[in-house]
Ligand code: SF4
Ligand code: SF4
């Protein structure tokens, strides 16, 4: 897999005087976290395969401010938001797709009040649309018939009421989808939200990601599917803490699609 | 004799209603201590929310056992209180079953009330067992010690007593009618339907009319006084929700659960900072100087908005929020129910000072004296509590408001969080990576 990914930037589009179909908002995790970068790349491969004209902001992208806002630092959040909105508006961005539910929620819900109005979709929603429009074809492939459970990201599910897009994709992969006892609107958090990703947990008797992993393991899965880079990290750590990493993988739905298509 | 009882009734009624009005006014005054927030948008959606969630109890049945039993008690309670109207009229005018001119319908209604009363008793006994024998976990957390625990049980005893009085009253009344007693019996035969209380007749078997009248009058009095006391007990109890659930669901948040408010005061300052034309040393606009600088976030109840305070008074202490909270489930101190209970307790404390015409005393506040920092920092902002609440309460918004105070007024975030926030500030990511390296992933294999 030595081929280099083609990842055009908005600046490059601008030079050519063109507008891409969609801006791919990569996010901090997707840009810097080793595990999450794999998701980013998998998603880019699918976009290329489906001939989607996309662009990224590259070095002009900055944290949406979500962790700051949820930690109570409204100042920092709004500074980040206003800076990002300036860049996005300068490029006249209309549609944004992101593989991070936190970026998704923030840009979709909290940017409009500060002057940033865009159509924002989560990558699972975007992929679902590609499938429905016939621009992307997915068939079972290597995940066909596998026992898989899906962990709902809070900021996609409860926060924004999207439970079906990722599940539709999994169904397309013809997996045996097994729901956890706590799923969809009642799904348990992975433990990363609200700034928790960046601090030690308060004193308790267990880590949240371990509890969530236990719930996932109850379904006896071969793979845990996720739709958020932070959930992915938390669930991966949870599986490791149960010493199950040899048997059970944690994968983003986009990675699964890319793999099924041998991308 | 008759006239004395009518006067006594009227007096009790007026006292009870006056107290009730006093409580409602206090409640209104306390809620108005909160900051302004506009929740008058989308009135149709709000109305339908109220009808679905408060009246239709759509979220209660997410937990089917408790949900269905609760609907029984709720419906029973409301419907049986229609009968209250007749009881009040009979009390004031010394009539006997004044609505009996409805004939067959009346008999059916009274019969239906009796069956409901029985179902209410059965439900309440089940509730009591769930609480005190099965000891369902969410009823035994640390914030449920003392008053909250007793309050819950008192209400159950109260309701059983009220229903029992109602049934006993009917039984005595029925027997008196059978006996052809004056004032009770009617030419048209038996009035009212007694599908349940007829089985209580053996209990009062062989009693003379005067004894029966004593029973009938006593239970009548106990029933009506009980309800008047109940009405005034509400203000001090989690049972306030039977009234406040309606406004609370009407004014509940309609925007996506993930959407937090953008603080307007911050927006103004950020705009100034980002505006290259703004002169940071410009003298403030006329009149601005004597305005107090805006406080960011909340350290006390008066910093919260009135919907959050209404939320606090509405909380039923059911603990559905806490039982879904990831932090609570993993043994952390945070309990969203406790956040709501603390807010109410503190608001009541402030209200007490106002009742005594004292200024709100300094030195005590919601933060630290009620809600600890450890609780606030344990929240993952997952909104499971908001989703779980059967009456549209939003504990998360209070947690965020208090975190805002901690960070923006006291710079008191946990250290690791401060580190990632300064990373965001300096290099646009919560980790110490250079913004210029943001696209490096595209070149790596
Ligand atoms: S939002 Fe916070 S308080 Fe509410 S359930 Fe989640 S972690 Fe608990
Ligand atoms: S906030 Fe809602 S769910 Fe939580 S205890 Fe109060 S009423 Fe129950």
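Glycine is treated like the rest: Cβ placed from N, Cα and C.
Look at TrEMBL and you will find B:6-24, B:65-88, B:108-129, B:154-172, B:220-236 tagged as transmembrane segment. For B:306-337, B:369-399, the entry in TrEMBL reads domain '4Fe-4S ferredoxin-type'.
Under 8 Å from some Cβ of the transmembrane segment (B:108-129) lie the Cβ atoms of residues 69-70, 72-73, 75-77, 79-80, 82-83, 102, 153, 156, 159-160, 163-164, 166-167, 170, 192-197, all in the same chain and six or more residues away from its ends. Computed over the domain '4Fe-4S ferredoxin-type' (B:369-399), the whole-number mean pLDDT of the model equals 98. Note: the domain '4Fe-4S ferredoxin-type' (B:306-337) comprises 20 helix, 0 strand, 12 coil (DSSP; helix = H, G, I, strand = E, B).
Taking H, G and I as helix, E and B as strand and the rest as coil, DSSP gives the domain '4Fe-4S ferredoxin-type' (B:369-399) the counts 15 helix, 1 strand, 15 coil.
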